[in-house]
Amino acid sequence: MEPCCTVLYSAILCYTLHYTLYCIMLMFCSSFDPPVCFYPVEQLPSITDQSPASLIALPFEESFPVKCEATGNPEPEFKWTKNGQDFDPFLDPRLLTQEDSGTFVIPNNGNLTEFQGVYRCYAANKLGTAMSEKIEFIVPNVPKFPKEKIEPIEVEEGQPVILECNPPKGIPPLQIYWMTIGLQHIEQDERVSVGLNGNLYFSNAVQTDSRRDYCCFAAFPRIRTIVQKTAMSVIVSSTNSILERKPSLLLPSGDRTNKHLVKGEELLLECIGEGFPTPQMEWVKLGQKLPERAVVENHGKLLTIENVNEEDEGKYMCKAINAHGEAVHYFHVTVEEPPEWEVEPKSQLNMIGANVVIECSASGRPTPTVGWRVNGRPLSGTTVYISHSPTACYHIYIYIAIYFRSNIYLRPLILTENGVQYSVVEGKAVMMHCRVFSSPLSAITWSKVDSASAVEGPRFSVYKNGSLEIHSVEREDEGEYSCFTENTEGKSAISAVLEVKGEAEESLMISPNAHFLFLEDYEIIWEKDGDLKLKIKLILVSLCRFLISALFSVDSALALLTVLDVPDAPEDVVLAERRDRTVKLKWIPGDDHNSTTTEFIVEFEESQWKPGSWRELMRVPGNHHSALLKLHGHVDYSFRVSGVNEVGRGRSSGASERYRTPASAPDKNPENIKIEGHLPHEMDINWEPLPPMEHNGPGLEYKVSYRRQGSEEDWQEHMVKRHSFVVKNTPTFVPYEVKIQARNHAGWAPEPKTVVAYSGEDCDCPPDGISDVLLIFPLLFFIKFSILFYFLFSVPDQAAVFRATDIQKHTVTLTWSPPAEPNGFLTGYILQYQLINNTEEVGPLESVNITGADTTKWLLQDLEPVSRYRFYLQSCTRAGCGPAASEESTTVPEAHLASIHGGISNQGWFIGLMCAVALLTLIVLIACFVNRNKGGKYSVKEKEDLHPDVESQGMNDDTFCEYSDNDEKPLKGSQPSLTGDMKDRDSGDSMVDYGDEDVHFNEDGSFIGEYGGRKERVSTEIKATNQSTA
């Protein structure tokens, strides 16, 4: 009895039963042997916790737990596999494990690559086995762009450009940036944008897009890594005129795309157009408005909807529009919903004999299949009913637990029928289906029967749901295809047949009770209410009955047929807001027949010049139902409108009421004026007349005005009604200014433009009897042509002045004046310079192309300091560039001081001050010089007056050599030569003899030396006189 009571007491405590039952059970159980009153409930294993499907070993983490926890009764045992092979974490001492747990920890010890792989956990007891999802342990490598040499991309201005990024694979998320080498972001707008694939798209290239440092940067935030691709170069060549063109789509390709999403995911639709002018992007949802949650980003090129649901399902269209047309792409969006419990089954605790009801229902898109299994055996229905009859006491309470296995193992089941035949027109896209249900998920591949490898290439897309889409189908794509799917539980496959038809087979005429052969075994009959023939071009909503007549049986089905057609004619075309030469035209669009109207064409007919002929006036977008028309004057108009959609142009509406505009002055003057000189002394003026519609009123005539170019003469004016006029008695080959202005009874056209042309040349056919003229005319023509050739095809002279000014440490300003003989119209200059320091080698010759003909100054920068440069300047005309003028200059060492000096030296007050100082200095020097000269002469004169007889005494006593004076001591050294010379000669020239001696000036600047010379000369003359007298 004690064991039975102990068991009962434990059971009562566990399940918190009433105390009264305890007594009854205690008394009742004493008669049983063995005393068993309660059995523990056995449970299948169930995974309660596991690691995510991708476990990334980030380098900055210390360890990486691989989790697997489970419950069950008995306690489950854990088992692991790695890459499909048995793996026991308890046998590896590097791993950290725990008893009674399947979780193990991989420490970050630097050898993580050994543990990289796909793991799966199994928890098993005697009742069964639970399996976790696959857990992939990823040791990321540092992603790198491949080293490659990328050739420059050369493109003409206005053409589209695509720079591909092709980022390396790495741990998501991936972020793409386009920048320059200097880390400046490439500016994005309607013309330039980055796609979801990371490529950089230019709708049309312009000159400023030319650069050599387009860099794609790929950022991987989870591993904190940014990698850079080799810089790419784009060269945009200029063109005289950019050819405008209608848009096309750079992304995506083809005409339609299928998008399959699961409820709650984010919808991303992208369209990038090209064309010139840059197209604008528009988004519409066919048949409905765009959802309020829809957001248009990236300058209209990206449509996003977060947390999609079934309401977002449908057909979307993007349009690239400019003035020359549009391009469209369709997106078919399908939203699927994973299964969700509507009535979730719950575990229950019931008494023996009670009726148990377990309900289970789920919803989803597509509708899920609900089934029951008990101990591995399937049960039918969605609700379980359990009835228990009364049994022994030890069955008083029974705990009924329901377990749901999240891991069901099923071999792939292909839901799509085998042998389906698909037909497609060559050049279009086709979708072949292969819907698969399996657990775990299976891999799906498509291949052509006659090929061993899977289909691949940019034209083939295999989607997650198994469907294969072939873009731009070719004749070679025709044949039989196989869809192969495989998972751990098995394999499965189906085949599909693709038939490719020519373009002529795109339109099919179907009439009632029409018969078609189908795989040689079937007849297909389409029946539709009424006997109207259908032209099936794309897809119109109409319910048709589809009959398949086999050889021995007949089956039928209802199909939803969608047929597109051109728009119906607009209705209620009326005129509103009439204002002289403008009127607003309004209309009500006709049925677009399931293809959105893209534009309306407005046509007019007038009753005067071309009655009954309809001509196009303008086009307006398809979402506009009115247009403001600008009209010509004095015209009786009528209008009609027609719609255009993807199928084509619809029927035109009925004509509107007539509207006659009032007369007005002409809007423009004649164009294409031609002036020719067929005869000497004449000038023929012709022009293109205004079209009748542009007369704007009655009485059109033209005023022809002309005069010699450059003269002050008055304009000669003549009124004519034809479109030509001859001016006579003109000088030979003289330039004239001519202008032509239109006028009608309502007034004058705007002021015309002036054109310049030459009058006629002399005749080269002389009259009879004047043979000399035969030589004169060619000679005159040759002279005129030579002069014209010289001015048109001669190069200019060099610049009249070319010098370097404002010389700094790193810069030099060069100034020049135009050549004296330009020999034509200057188009610019070529400036060249090179380093010519005192070395044998000179620096490279750098060139600057100066396009401004009026430019006379240029600042050269980034020069070397304290370096000598030589500069060359050539003047250019259309005939070429003339000889170069050259100049040399040396940059200064200190830019700051040089700039200060240069700045002050150019000031007028500073120049005046320096001139005044120089003048005052010169005056002071002259005064000092004069004063010193006067002082020397007066001192000598005074000495002569004080000693008048000394010289005479010396001469008379022949004591010339003893003559001495403190002031004359410098002459003493020259006395012997003088005496000797005088003895040898009868007469001597003292100026010649002493002209080379440097004794003319004393230290004080006086002319004492000169006086001393004169005194010696006088003494010599006296001596000679005495000798001759003796």
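Using N, Cα and C of the backbone, Cβ positions are placed for all residues, glycine too.
Unlike curated entries, TrEMBL annotations are predicted automatically.
Over the domain 'Ig-like' (45-136) the predicted model carries a mean pLDDT of 89. The feature domain 'Ig-like' is assigned by TrEMBL to 45-136 (among others).
The annotation domain 'Ig-like' is assigned in TrEMBL to 140-233 (among others).
If you look up TrEMBL, you'll see 247-334 (among others) marked as domain 'Ig-like'.
What TrEMBL lists as domain 'Ig-like' is 339-393 (among others).
TrEMBL lists 412-499 (among others) with the feature domain 'Ig-like'.
Here TrEMBL flags 569-664 (among others) as domain 'Fibronectin type-III'.
Among the features that TrEMBL reports, domain 'Fibronectin type-III' is placed at 669-762 (among others).
What TrEMBL records for 796-895 (among others) is domain 'Fibronectin type-III'.
What TrEMBL lists as region 'Disordered' is 648-673 (among others).
According to TrEMBL, the feature region 'Disordered' maps to 945-1013 (among others).
The annotation transmembrane segment is assigned in TrEMBL to 7-28 (among others).
As annotated by TrEMBL, transmembrane segment applies to 773-793 (among others).
Per TrEMBL, the feature transmembrane segment maps to 909-927 (among others).
Sequence-distant contacts of the region 'Disordered' (648-673) (same chain, six or more residues past either end, CB-CB distance under 8 Å): 566-571, 573-575, 578, 580-581, 583, 585, 587, 590, 601, 603, 605, 607, 614, 631-642, 685-690, 694-698, 700, 702, 723, 738, 740-750, 752-753, 755. Among the recorded stretches 247-334, 412-499, 796-895, the one sharing the largest number of Cβ pairs closer than 8 Å with the domain 'Ig-like' (140-233) is 247-334. Within the domain 'Ig-like' (247-334), the DSSP-based counts of helix, strand and coil residues read 3 helix, 54 strand, 31 coil.
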